[in-house]
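S.K.: I am attaching a structure below and will ask some questions about it afterwards.
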Amino acid sequence: MPTSRQPRRNQVPGPTVPVYVISVAAELTGLHPQTLRQYDRAGLVSPGRTGGGGRRYSLRDIELLREVAELTASGIGLEGVRRILELEHQVAALRARNAELRGQVAELQSALEATLATLRGHRPNLPALRPPGGAITPFLQSPH
């Protein structure tokens, strides 16, 4: 029986776990190991390292290497690839932030509606708040 320190057999590593040596990563991507080293030196991919300095690639690294290979095959230079990857990362971060802000707006709208409903319920008890000859402020009036 495996202990908590021993990995289970047939267990697939997570996408960010660096497990693939450079020869396996090269085979999985169809790239030469020297190309993988070049991409590492250029900062396009950052594989994990063993205690002895050997590279270990994760599934996410493999996907990134495939994307880099596709971009370079279409004629884009390494600087262009780096910029594209940076922009993709920024777009992903902005989308996540946008979703977060939309959630906050929805929560605030819900809280506002609840507050307005409470205020509308108290409206009959607030005749003294009406200005002479005026109406209660528009946001306290019944919805259309």
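Placed from the backbone N, Cα and C atoms, the Cβ positions cover glycine too.
Bear in mind that TrEMBL entries carry predicted annotations, made automatically and left uncurated.
Residues annotated as domain 'HTH merR-type' in TrEMBL: 19-87. Taken from TrEMBL, the feature coiled coil applies to 84-118. The region 'Disordered' annotation in TrEMBL covers 123-144.
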S.K.: By DSSP assignment, list the helix, strand and coil residue numbers for the domain 'HTH merR-type' (19-87), in that order.
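M.R.: Breakdown, helix to coil: 42 helix, 7 strand, 20 coil.
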S.K.: Mean pLDDT over the domain 'HTH merR-type' (19-87): what is the value?
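M.R.: That region's mean pLDDT is 96.
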